[in-house]
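Below: the structure, in structure tokens.
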Amino acid sequence: MDKPLLTRIKDTTRIFWPLAYISFGGPNAHIALLHNILVTKNHLVSEATFSDLFSICQSLPGPASTELLYSIGLVYGGFLIAVYVFFLWSFPMFCVMTGFGVAIGSVTSIPLWATRLSQGLASAAIGLVAIAAWKMARSNAPDNITKLLLMVSASISILYSAAWLYPVLMIAGGIFTYGLHLLKSLREKPKYNGSESQEQHHQPASELQDEQNEQQGASGLEELDDTNEGIRLRNVNSLEEQHLDVDEEPRMFSYSQWLGLVFFSIWLVLLIAAIVIRSNSFANHVAQVFSTFYFVGSIIFGGGSVVIPLLKQYTVDEGWMTTNEFVIGLALIQSLPGPNFNFAAYLGALALRGTVGNSIGGAILSYIGIFLPGLLLKNAVIPFWQRLRTKAYMRAIFRGVNAMATGLVFSAIWILWTQVNTGGGNSSYHLVIASLAFVACEYFKIPAPIVVILGGCMGAIEYGVQPTVS
């Protein structure tokens with residue numbers, strides 16, 4: 001925030017614009033790329049801030065990776081930069097999906113070469129997700145308790161899928177570590193009696209101070225400390241003094257909690273209006289389209305893959321499009337980089353089709369409708385997080401929340417792997433691509449965008465060797 005606005009805009013463009021073109025693999029893979037480019041390479045935020053914001057995004061409805069990227073832009077450069085980041089991230093593929101929505105009549109299926117190309121890109125993304133999971137685990141799970149929480153979160157999210165699961169895991173992890181924090185506080189609470197007070201009164205001041213220092217050192221709490229080498233553990237002297245060391249933290253943009261409440265109020269009023277409009281069968285079709293996508297964006301947790309069944313129910317079942325048209329759009333969005341919520345632009349174009357202008361208008365309405373709720377809620381939460389993040393009890397809560405969130409990144413490796421291989425092809429070859437991506441990026445320091453592109457090239461080679469379905 002110390003840089004002039006023009007400088008921040010230039011830096012933002014340089015750092016963020018490639019993301020819209022290389023972020024294949026859905027929200028789980030996006031997190032790995034964002035971590036690599038924004039934290040490891042450009043140091044826009046610290047590891048601790050990234051982990052906190054990631055955990056919050058997993059606990060809020062809406063597109064998780066888009067909310068994370070938007071919130072990083074917000075704390076880095078303010079509202080203008082955050083909105084600019086959002087459009088750099090989402091607008092390119094919004095245009096592509098809108099074009100497909102307008103021209104859907106000429107599309108009947110997805111060619112095999114496109115499937116193999118997307119499999120190569122997604123396989124490379126798996127390697128990057130593994131790197132992000134490994135690095136985040138070192139930061140967010142430094143002790144046995146957080147390692148256990150990470151393992152529980154990863155196991156549950158692999159075995160079970162539900163829209164409510166992610167926020168429940170986050171809340172459960174926070175409650176668990178906060179409970180441990182309270183128990184430890186009670187055990188360490190000093191107990192005094194009269195004889196002890198008299199003995200301490202007669203002790204020399206130097207001896208009394210030495211004893212106090214020893215007690216404090218022995219009972220110090222473990223806390224995250226942000227350093228250039230990553231997050232490490234350090235001891236703090238008391239619960240009251242426990243705070244996050246922000247010496248290495250870039251200065252953040254901040255605003256009042258009252259403004260945060262205003263954003264929350266706007267979100268709530270629009271949600272109520274959307275519910276009322278959706279329940280009125282005589283409402284204008286244009287209003288129905290916007291209200292439907294705003295409602296979906298306000299209630300869905302877990303990102304792009306979770307929103308698909310709900311979108312199908314509210315579009316296909318309403319008669320806005322056929323099942324085949326929906327499936328073609330789904331295949332298209334999974335083959336493209338950027339946020340999966342851009343699928344809404346395609347659906348909105350079909351929902352209001354008739355003329356090209358109507359289709360473009362429908363795409364814009366649905367695009368705004370599905371993204372707006374999550375961004376409003378993120379604006380509402382940020383000032384409260386900034387105020388409370390250094391408190392001892394809040395760090396105790398985030399200790400569990402961040403461990404659970406990191407477990408979701410580990411589970412993403414398996415989820416992405418199963419998604420990659422649903423389209424056929426050679427699964428062993430896809431594993432080779434993922435392994436090479438891990439080694440190339442982590443050990444040979446090849447930039448993540450180049451690794452992703454090379455993964456796509458290897459996918460194209462698979463098609464060249466075997467141009468038929470296997």
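Residue 1 is the first one shown; counting continues down the chain.
Cβ atoms are placed via backbone N, Cα and C, with glycine included.
Please treat TrEMBL annotations as automatic predictions, because they have not gone through curation.
TrEMBL lists 193-221 with the feature region 'Disordered'.
Taken from TrEMBL, the feature transmembrane segment applies to 68-87 (among others). With a threshold of 8 Å between CB atoms, the same-chain residues lying at least 6 positions outside the transmembrane segment (68-87) that come near it are 1, 5, 8-9, 12, 16, 19, 30-31, 34, 38, 44-45, 49-50, 53-54, 56-57, 250, 252-254, 371, 375, 378-379, 382, 386.
Here TrEMBL flags 94-114 (among others) as transmembrane segment.
As annotated by TrEMBL, transmembrane segment applies to 120-137 (among others). Residues of the same chain lying 6 or more positions beyond the ends of the transmembrane segment (120-137) and with a Cβ under 8 Å from any Cβ of it are 24-26, 28-29, 31-33, 35-36, 40, 51, 147, 150, 230, 337, 406, 409-410, 412-413, 416-417, 419-420, 430-431, 433-442, 448, 451-452, 454-462.
Only residues 6 or more beyond the boundaries of the transmembrane segment (149-176), in the same chain, are considered here, and those with a CB under 8 A from a CB of the stretch are 55, 58-60, 137, 140-141, 299-302, 306, 310, 397-398, 400-401, 403-408, 410-411, 414-415. Per TrEMBL, transmembrane segment is recorded for 149-176 (among others).
Residues 283, 287-288, 290-292, 294-295, 298, 372-373, 376-377, 379-384 of the same chain, all 6+ positions outside the transmembrane segment (258-277), place their C-beta atoms under 8 angstroms from a C-beta of that stretch. TrEMBL lists 258-277 (among others) with the feature transmembrane segment.
The transmembrane segment annotation in TrEMBL covers 289-311 (among others).
According to TrEMBL, the feature transmembrane segment maps to 364-385 (among others).
Same-chain residues lying 6+ beyond the ends of the transmembrane segment (397-417) with a Cβ under 8 Å from its Cβ atoms: 25-26, 28-29, 31-32, 51-52, 54-55, 58-59, 122, 125-126, 129-130, 132-133, 136-137, 140-141, 145-147, 149-155, 157-158, 166, 169-178, 181, 224, 305, 389, 430, 434. According to TrEMBL, the transmembrane segment annotation covers 397-417 (among others).
Residues annotated as transmembrane segment in TrEMBL: 429-446 (among others).
Residues 52, 56-57, 60-63, 66-67, 70-71, 74-75, 79, 86, 90, 94, 254-257, 259-261, 263-264, 266-267, 270-271, 286, 289-294, 296-298, 341-342, 344-345, 347-349, 351-352 of the same chain sit 6 or more residues outside the transmembrane segment (364-385) yet have a Cβ under 8 Å from a Cβ within it.
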